[in-house]
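Heads up: the structure comes next, in structure tokens.
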Amino acid sequence: MRITIIGSGYVGLVTGACLSDLGFKVVCLDKDEQKIRALQEGEVPIYEPGLKELLARNRADGRIRFTTDACEAIEQGDVLFIAVGTPPAEDGSADLGHVLSVASMIGRHLKSFKLVVNKSTVPVGTADKVRMAIAHELAHRGMPTHVFDVISNPEFLKEGAAIDDFMRPDRIVVGVDEGIHKAKSQRMMSDLYASFNRHHSRTVWMDVRSAELTKYAANAMLAARISFMNEIANLADALGADVDHIRRGIGADNRIGYSFLYAGCGYGGSCFPKDTQALVQTAKAHGQDMSVVSATEQVNARQKMLLVERLIARMGPDLTGRKIAVWGLAFKPNTDDMREAPSRVVIRSLLERGARVRAYDPVAGQEAMKALQDDCVGQDHLLKAFELAVNEMQALDGADALLILTEWKNFHNPDFEGIKALMRHPYILDGRNLYNPQALFEWGIAYQGVGRRNALCQSLSFDRPNEPVLSVSMDEESLMAHA
Ligand code: UDX
């Protein structure tokens, strides 16, 4: 079986690299000539651990190649994966422009039976539109309109762990509809994923619409867990409780489980924000109300501003003259992806309030710079107050506060002595709950996590730089109990 992947973006490249590594002959097609040329020369346009090596190995062995020639690529593949982007349209619904133009292109070049597999995250009903677009072109060419099948095989890849997710899937969702090609399509998909089903079947078979909705439901459920925990964390702060104890307390219930219960400064990325919005729009279009998903989005938008609000509560709304250090810019560690990253909202807001911001991210610095330029178009004065540091300690020089926005490993065990020495005010607002509040208290660093008994946070004297006032707003007895 030969594979053609249409769209050499994140999902397409990971899928292509992994399938070629499983021994299939893969052609990756993209209309972006520059991107294809770079890929042919061994450059990988995205940062994903292990991807470059996987592509290099399989390219050298002749199992994967890259082209802009649609006619040849479609001719080559028995299975055609559609893996192009579905960016949000203005109303939040998914823009199907790329998917449907690929469908028409397939219809223009198709000569014999092809299994068209939708990998892009698309609203329910898209497979029907893809079918129609292909059939329309075939009819136009005077060809029989049933020489193909369209099925759904959504991806569940996490950025930063995508290769591992693909190679060790917990489940493979495949939606195939009734019709003359059903048995053949199922057989082809079974052969494609045979190596993952050897010991027990990981494939969950269903109809196409259910498969399309499964992807949205999974992402909305995960996003809802995060927003729920963020609300619990904010309440914990108000009550003097610790969300990390609560996380462990509820995670032990195996109906709940431990994952995706980490409170923080909000979720970002290319999937959760886009997919929750698209789901709300799909529901609206069908007269349904997705209150839980809408609330998930609202809570997340608020949560992204939490650290700024806390800073303002201490320093006042005018941050002119304040130097703020930021550690972590990417929406999560092990990626340079800045899409919907909380850091964008936070930094823009700090700049608008007059602060100077110096930020460090081990990988995403340049991407962050581009993202901020987009966010601050026509406001060059804001950008002038932003700079990238060469390492985490340089970001701290003379800073009044440190905001931690991404939990990169390098930030887990910092030199607290150095932090105290470098900052004008040793004050950490930890949006990813990396540190033990008690330990920070003992270091003499004012510290606020998200839902981490912030009553323990030392008051900070902004009149006397570098001198946190070693008193706490909690009564002595509770403090002793905590210690
Ligand atoms: C997600 C899904 O996990 C994946 O299955 C789907 O295919 C695409 O969307 P991804 O966007 O790569 O993957 O990131 P993920 O690791 O899921 O994290 C998403 C966001 O949630 C990040 O901003 C992360 O910081 C945040 N998050 C995650 C939390 O705030 N708390 C958690 O407990 C987990």
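Going from the start of the chain as shown, residues are counted 1 onward.
Cβ from N, Cα, C; glycine included.
From a predicted model like this one, the values you see are computed outputs, not experimental measurements.
Residues Asp30, Lys35, Thr86, Thr121, Glu159, Lys274 are recorded by TrEMBL as NAD(+) binders, and the candidate that the same record lists for that site, out of Arg209, Arg225, Arg339, Arg344, is Arg339.
Cross-referencing Lys215, Lys384, Lys409 against the substrate binding annotation in TrEMBL, which names Phe156, Leu157, Lys158, Glu159, Phe260, Leu261, Tyr262, Ala263, Gly264, Gly268, Lys332, picks out Lys215. Residue density at Gly268 (substrate binding site): 24 other Cβ atoms are found within 10 A of its Cβ, drawing on all protein chains shown. Per-residue pLDDT, averaged across the domain 'UDP-glucose/GDP-mannose dehydrogenase C-terminal' (325-437), gives 96. The residues of the domain 'UDP-glucose/GDP-mannose dehydrogenase C-terminal' (325-437), classed with DSSP into helix (H, G, I), strand (E, B) and coil, number 41 helix, 19 strand, 53 coil. In the three-state DSSP reading, Lys215 (substrate binding site) counts as helix. It is 20 Å from the Cα atom of Leu261 (substrate binding site) to that of Lys274 (NAD(+) binding site). Proximity of the binding-site residues (Asp30, Phe156, Ala263, Arg339) to ligand 1: a Cβ under 6 Å from the molecule is found for Phe156.
All protein chains shown were included, and the count of other CB atoms within 10 Å of the CB of Leu261 (substrate binding site) stands at 19.
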